[in-house]
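J.: This is the structure, below, for whatever I ask next.
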Amino acid sequence: MLDNLKKYDIILASNSPRRKELMSGLGVDYVVRTLPDVNESYPDTLVGGEIPEYISREKADAYRSLMRPRELLITADTIVWLNGKVLGKPSGREEAIKMLRALSGKSHQVFTGVCLTTTDWQKSFTVASDVQFDDLSDEEIEYYVDRYRPMDKAGAYGVQEWIGYIGVKSISGSFFNIMGLPIQKLYVELKKL
Ligand SMILES: Cc1cn([C@H]2C[C@H](O)[C@@H](COP(=O)(O)OP(=O)(O)OP(=O)(O)O)O2)c(=O)[nH]c1=O
């Protein structure tokens with residue numbers, strides 16, 4: 001599959017273990033490179049899915065000077081969007097607890113922006129998933145935060161972890177998008193190249 005990609009050396013520039021896992025499941029040859037530090041700020045005119053799409057392009061631009069001809073770069077960014085506000089990665093235990101209390105009993109959206117870059121062109125897209133959380137008790141929230149330390153995850157949760165098992169009532173859209181990479185949409189976009 002995806003024989004059209006043989007003309008490219010595919011690079012996933014990401015420090016996220018979930019993105020590596022999902023990319024590996026696609027069955028194409030690729031290498032992982034460390035992403036240089038990226039300033040993840042964005043213009044305050046952006047909303048929802050525009051935000052991670054913008055940041056995915058910023059991540060690509062941070063890596064671009066290292067690129068060679070033939071290389072196809074993949075970068076991505078995930079945010080949780082609750083009541084018109086971004087929940088990024090929590091700064092510590094207290095913020096993680098606060099975020100999960102805010103998500104408890106409500107539905108929110110997860111947006112992942114993906115950017116495909118070569119030395120000649122750049123293309124980006126966003127995928128949205130809706131997630132409905134059941135009511136979470138303080139005991140459940142603290143158990144999860146202390147045991148799983150979700151400080152590396154947008155919105156302070158991993159849908160693929162215990163909190164997703166016990167707390168997520170329903171999802172509309174791609175599960176893998178919530179985990180950090182909309183792999184089905186990425187496959188469709190790669191097929192077009
Ligand atoms: C909402 C949610 C997020 N996440 C993860 C996916 C992303 O790795 C992380 C959001 O942070 P990002 O800034 O999107 O990515 P990152 O810093 O982990 O990796 P990169 O080097 O590519 O910039 O949250 C889950 O694993 N499960 C979930 O349910």
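Quick reminder: no glycine exception, Cβ is built from N, Cα and C everywhere.
OK, TrEMBL features for this one:
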SITE      ARG18  site 'Important for substrate specificity'
ACT_SITE  ASP77  active site, proton acceptor
SITE      THR78  site 'Important for substrate specificity'
SITE      GLN160  site 'Important for substrate specificity'
J.: What three-state class does DSSP give ASP77 (active site, proton acceptor)?
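T.: Assignment for ASP77 (active site, proton acceptor) reads strand.
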J.: Based on Cα distances to GLN160 (site 'Important for substrate specificity'), point out the closest of the recorded positions ARG18, ASP77, THR78.
T.: ARG18
J.: Quick check for the class: what is the C-alpha distance, in angstrom and rounded, between THR78 (site 'Important for substrate specificity') and ARG18 (site 'Important for substrate specificity')?
T.: 12
J.: Pop the Cα-Cα gap between ASP77 (active site, proton acceptor) and ARG18 (site 'Important for substrate specificity') into the table, whole Å please.
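T.: Here the two Cα atoms lie 12 Å apart.
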J.: List nothing but the one residue from THR78, GLN160 whose Cβ has the fewest other Cβ atoms within 10 Å; the candidates are the recorded sites.
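T.: Among the recorded sites THR78, GLN160, the lowest count of other Cβ atoms within 10 Å belongs to GLN160.
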J.: Using a 10 Å cut-off, grab the number of neighbouring Cβ atoms around the Cβ of ARG18 (site 'Important for substrate specificity'), all chains included.
T.: 19
